[in-house]
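Scroll down for the structure; my scribbles are underneath it.
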Amino acid sequence: GTPQKYDPTFKGPIYDRGCTDIICCVLLVIAIVGYVVVGIVAWTHGDPRKVIYPTDSRGQFCGQQGTPNEYVRPAARARLGCHSGKGFTPPCVASSVSSPPIQICVSKCPDRYLTYLSAHSSRTPAELEYYRQFCVPEFKNLQKPPIEVLKDKECPAMIMPSTPLARRCFPAIQAKKGVIMVGNETTYDDGHGHRRNVTELLEGAKKANVVLETRQLAMKIFEDYTVSWYWIIIGLVIAMLASLIFIILLRFLAGIMVWVMIVMVILVLGYGIFHCYMEYAKLKGEAGSDVSLTDLGFQTDLRVYLHLRQTWLAFMIILCIVEVVIILLLVFLRKRILIAIALIKEASRAIGHIMSSLLFPLCTFFLLCLCIAYWASTAVFLSTSNEAVYKVFNETACQFSGQTCKPETFNTSNVTKLCPDAQCLFAFYGGETAYHKYLIAFQFFNIFMFFWLANFVIALGQVTLAGAFASYYWAFKKPDDMPAFPLFSAFGRALRYHTGSLAFGSLILAIVQVIRVTLEYLDHRLKAAENRFAKFLLGCLKCCFWCLEKFIKFLNRNAYIMIAIYGTNFCASARNAFFLLMRNIIRVAVLDKVTDFLFFLGKLLIVGSVGILAFFFFTHRIKLVQDTAPSLNYYWVPILTVIVGSYLIAHGFFSVYGMCVDTLFLCFCEDLERNDGSPERPYYMSPELSEILLKGNLEPSK
């Protein structure tokens with residue numbers, strides 16, 4: 001590319017600019033209107049109750065207003081049954097092992113072992129009356145022979161103790177001291193006078209057992225959140241205050257804070273290594289501590305892993321590797337860090353004059369939340385837009401088997417005459433209208449629009465911050481020559497003139513991201529396939545598009561900075577930014593990437609410090625507040641939540657600094673090309689910045 005030439009009229013971000021990439025702006029508006037239409041259509045046809053509430057074999061909701069089962073009290077779903085909670089909304093019970101099982105709405109899950117044969121032959125009418133609640137609603141003749149009842153599939157052959165989960169009943173399987181039990185029983189009566197072991201039921205209930213274990217884990221995690229949520233919020237507030245204090249101190253003590261940050265990161269990692277070694281040494285000789293991770297397998301209670309020496313050894317090795325890598329990088333980059341500190345100082349001064357920039361990420365976060373909420377709700381309504389489809393099921397050969405049918409007219413149709421044992425049962429949710437045929441296309445459009453709008457919101461935030469910080473850099477007398485409200489001025493320019501350019505850049509990125517999602521879906525579908533070439537090709541494509549996405553994000557970020565400064569269209573801005581960076585590739589490696597590394601250390605310091613504090617608090621190791629800390633099932637639940645939340649908070653604050661440094665860096669490169677530091681063509685960079693940068697051999701070639 002051609003270097004920029006001296007222009008005495010150039011004074012920073014150009015105010016006399018025109019609209020760019022108008023076609024993309026129009027396309028975005030049309031796409032948003034179409035997105036709204038899709039959302040309205042989805043909300044009209046969709047019914048989220050299909051996700052939450054079970055149905056009987058006729059596709060009718062259990063215990064919901066406006067349905068025939070409205071007044072059925074708590075319910076369940078079955079072959080094994082189902083249940084709800086207070087305000088009980090019925091779920092269902094299956095009366096046949098055929099597919100699909102007959103499902104009915106019941107008042108509660110079965111609480112005992114019982115076969116229909118034994119209930120019918122019982123001398124106490126209460127047994128049969130109890131059993132009847134798990135039969136189809138039409139079953140009234142209690143004197144009907146059991147063989148006829150079971151043949152007509154009016155009642156299940158057997159019921160067993162079940163546990164309610166998500167308004168559905170699953171076998172109450174549990175293991176006590178290695179003994180498998182169902183409903184506190186190890187055997188059951190098969191209805192023929194024989195006792196059988198409950199392990200015979202396990203094969204048919206393996207998936208249900210996994211669901212129950214997952215449910216127990218989820219309930220314990222939920223309990224931990226209910227007793228620790230306010231402490232989690234306090235931890236996140238501490239992280240926010242620490243990030244804010246760190247940013248403020250950077251404003252006045254950038255050089256000192258960077259070196260303090262580096263030393264603190266090394267010390268925090270060093271303490272982590274020491275703590276892991278002490279735990280590793282303490283477990284020496286303890287029973288069961290030498291079990292390997294592979295032998296133990298996956299455990300829902302993660303505390304089990306902390307009693308293994310191998311766990312702490314793995315933690316110690318990982319921390320040692322991170323420590324050594326950071327120290328080596330610091331040794332090799334020690335001279336470049338001084339130059340990066342100068343750029344961070346300049347960024348601190350810029351943010352100090354535009355303090356509102358620290359709060360601007362909240363606006364971006366709010367808009368992203370709106371995008372996520374609209375996408376999620378539209379996806380749910382689209383996925384529940386199908387209608388109930390009924391098909392003919394029968395035991396004997398029948399020409400109508402598998403065909404669609406209507407329950408209202410089925411009993412009077414020719415099907416029952418030609419196939420007496422045929423039934424019209426609910427099969428699945430689907431549809432044959434034009435709307436239902438294009439549901440997949442609507443879902444694809446929903447995902448695509450989510451990526452496009454989310455990237456647009458992020459781009460809007462980047463170009464706004466870039467415009468504000470560019471106004472600072474190109475002010476010859478700082479801050480006197482800066483506009484009154486640089487952040488709001490940049491935001492207004494971005495929306496008024498460059499919506500199309502932002503839409504263009506975010507569209508390219510959205511297309512790549514949708515392709516990556518498609519590749520991930522194909523990879524998931526082909527996991528069971530034996531075609532190694534297909535797997536290899538998919539792996540290569542996934543890697544290539546991952547790299548492409550990273551490159552486009554980098555290019556877009558710098559293109560938005562050029563848009564904010566010059567007001568050019570996206571393609572011209574991307575080209576100019578790319579060539580400018582290529583002409584200064586050494587400076588990119590020296591300044592830009594070193595500052596990114598320092599900001600990463602800052603985030604690591606805040607996350608590590610808050611994480612260690614949370615670990616000591618929730619494990620009752622701080623004597624002053626030992627009695628205050630809540631008792632938890634899994635103390636890693638609030639600790640991980642605090643760590644992840646702290647990282648997001650720190651990233652939000654440091655992202656402003658990152659954008660400021662990137663903007664100042666591009667402006668610095670432009671300044672070196674346009675000016676030479678003479679009285680006729682003075683640099684716009686501050687004297688402090690020019691002094692250390694030019695001493696660091698980063699002056700332009702003469």
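Placed from the backbone N, Cα and C atoms, the Cβ positions cover glycine too.
Please treat TrEMBL annotations as automatic predictions, because they have not gone through curation.
According to TrEMBL, the transmembrane segment annotation covers 21-43 (among others). A Cβ distance under 8 Å defines the sequence-distant neighbours of the transmembrane segment (21-43), meaning residues of its chain 6+ beyond its ends; these are 374, 377-378, 381-382, 385, 435, 442, 445-446, 449, 452-453, 456, 498-501, 503-504, 507, 569-570.
What TrEMBL records for 229-249 (among others) is transmembrane segment. Long-range contacts of the transmembrane segment (229-249) within the same chain: residues 257, 261, 351, 358, 602, 606-607, 609-610, 613-614, 617-618, 629-630, 638, 641-642, 645-646, 649-650, 652-654, 657, each at least 6 residues beyond the stretch ends and with a Cβ under 8 Å from a Cβ of the stretch.
Under the heading transmembrane segment, TrEMBL lists 256-274 (among others).
The transmembrane segment feature in TrEMBL is assigned to 312-333 (among others).
What TrEMBL lists as transmembrane segment is 354-376 (among others).
The transmembrane segment annotation in TrEMBL covers 447-474 (among others).
Non-local neighbours of the transmembrane segment (495-515) in the same chain are 17-28, 444, 447-448, 451-453, 455-456, 458-460, 463, 545, 548-549, 552-553, 556, 559-560, 563, 567, 569-571, 573-574; each lies 6+ residues outside the stretch with a CB under 8 Å from one of its CB atoms. The transmembrane segment annotation in TrEMBL covers 495-515 (among others).
If you look up TrEMBL, you'll see 559-582 (among others) marked as transmembrane segment.
If you look up TrEMBL, you'll see 594-618 (among others) marked as transmembrane segment.
Long-range neighbours of the transmembrane segment (634-654) within the same chain, counting only residues 6 or more positions beyond its ends whose Cβ lies under 8 Å from a Cβ of the stretch, are 220-221, 224-225, 228, 231-232, 235-236, 239-240, 243-244, 246-247, 301-303, 358, 361, 365, 599, 602-603, 606-607, 610-611, 614-615, 618-619. What TrEMBL records for 634-654 (among others) is transmembrane segment.
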Report task. Go through the chain and flag residues at least 6 beyond the ends of the transmembrane segment (559-582) whose CB is under 8 A from any CB in it; none is fine as an answer. Result -> 1, 4, 12-14, 17-18, 20-21, 24, 459, 462-464, 466-467, 470, 474, 490, 493-494, 497-498, 500-502, 504-505, 588, 662-663, 666-667, 669-670, 673
Report task. Compare 312-333, 354-376, 447-474 by their Cβ pairs under 8 Å to the transmembrane segment (594-618) and return the stretch that comes out on top. Result -> 312-333
Query raised in the report: Based on Cβ pairs under 8 Å, which of the stretches 256-274, 312-333, 447-474 lies most in contact with the transmembrane segment (354-376)?
Result: 447-474
